[in-house]
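Trainee: Could you have a look at this structure, given as structure tokens, before my questions?
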Amino acid sequence: MKKQLAILYFNIFLVFLGIGLVVPVLPVYLKDLGLKGGDLGILVAVFAFAQMIISPFGGNLADKLGKKLIIVIGLVLYAVSEYLFAMSNTFALLIISRILGGFSAGMVMPGVTGMIADISPGADKAKNFGYMSGIINTGYILGPGLGGFLAEFSHRLPFFVAGTSGVIALIMSVILLKNPRHETHAGFATISTETISKINLKVFITPVILTFVLAFGLSAFETLFPLYAADKADYSPIDISVAIMVGGVLGAFIQVFLFDKLMKFMSELNFIICALLYSIIVLFSLTLAHSYWPIMLISFIVFIGFDLIRPALTNYYSNIAGNRQGFAGGLNSTFTSMGNFVGPLIAGAVYDIYYELPLFMSMLIMVAGIIVIYIEKGVRRNLRKKNQLDE
């Protein structure tokens, strides 16, 4: 189990290292092609739309055909998309590249999360998902730093390196990764498997709404942060790299060393509420900052709340999924993609009106997320009562 986890973690690290590589150079790359915030929103939106379309198929195929195959196909698409982006000179080619990238994400993430759930004992599941998020964050930490350095030679070079990281992850997956012999049956902590099968839609309907709302709010800010920092404080690719790297280090530390411990003191839903409140406060502080260092210091801590929300939500899905971990991963990925599609599209449009508007939009959506969580907590109470009556 430990060997397989290590391979999954290393491959995910390489993929997100590649994703992180390109972040600090996006403002320069887009301006070189004469593109604006709205165009960046479209590029991110088509990526999410493609991921949204493929994720249900990726999740179900992972359950039926094996998660290794889905991961391998996803990594092939990832490498192709990054190489194509590096060589693109038109907006149309950039869109095609992002569509392929979305198909990749819609296969890799359900496969990886499903496999981690399958090989993780119930007691270690939250810890392993926390490690996964920490590894993702670590790749995202080192990626911008390396990307900022590579951009000194060419703003296209980070995309070539990102594609190569995908090829390395692909080779490792083909040679070393194995499908688990047995699937886990985590179930729903307080509800019998029979009850879940009868009320499957009721179990998942509020979580997918929550997933959409959170993805909408988080992506609306995250997508435009490099452009926001460049326009508001004249940040260079190196400045953006530093902001993301330091914030990533703090987020990874909390995910790896504190996430599992914090989860023992509260439920996933209460944990997400706390992280959302933190994020709202920090985002509002960022709107009040107008010079280099205040923006930089707030940037160091702005992503921490986001980094805690995602593993908590992933763990919540796993706990209600039973033996359909691939299905749950696909469902999570699908509605995350829906939020990631709508959020950047609207945020990019309002950004061109006024660059602070996406932040206020994100804060409002996070408030809506808190409301949805309280609705979900009520649904869970009703499910517990139904389970007690069935017994």
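Glycine is no exception: its Cβ is also placed from the backbone N, Cα and C atoms.
Marked as domain 'Major facilitator superfamily (MFS) profile' by TrEMBL: 4-380. Summarising the annotation, TrEMBL assigns transmembrane segment to 7-30, 42-62, 69-86, 92-117, 129-151, 157-178, 199-220, 240-257, 269-286, 292-309, 330-351, 357-375.
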Trainee: At a C-beta cut-off of under 8 Å, are there same-chain residues at least 6 beyond the transmembrane segment (157-178) that contact it? List them, or none.
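Mentor: Counting only partners 6 or more residues beyond its ends, the transmembrane segment (157-178) has Cβ contacts under 8 Å with 3-4, 7-8, 10-12, 14-15, 17-19, 21-22, 25, 68, 71-72, 75-76, 78-83, 85-86, 146-147, 150-151.
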Trainee: Residue list, the transmembrane segment (92-117) vs rest of chain: Cβ under 8 Å, 6 or more residues beyond ends.
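Mentor: Answer is 4-5, 8, 11-12, 15, 33, 42-44, 46-55, 57-59, 62-63, 67-68, 70-71, 73-78, 80-82, 84-85, 125, 128-129, 132, 179-180, 184, 186, 314, 318, 321, 325-326, 328-330, 332-334, 337.
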Trainee: Apart from its near flanks, which chain residues at least 6 from the ends of the transmembrane segment (357-375) lie with a Cβ under 8 angstroms of it?
Mentor: 206, 209-210, 213-214, 216-218, 220-221, 224, 228, 269, 272-273, 276-277, 279-280, 283-284, 286-287, 343, 346-347, 350-351
Trainee: Give me the mean pLDDT over the domain 'Major facilitator superfamily (MFS) profile' (4-380), rounded to a whole number.
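Mentor: Mean model confidence (pLDDT) across the domain 'Major facilitator superfamily (MFS) profile' (4-380) is 82.
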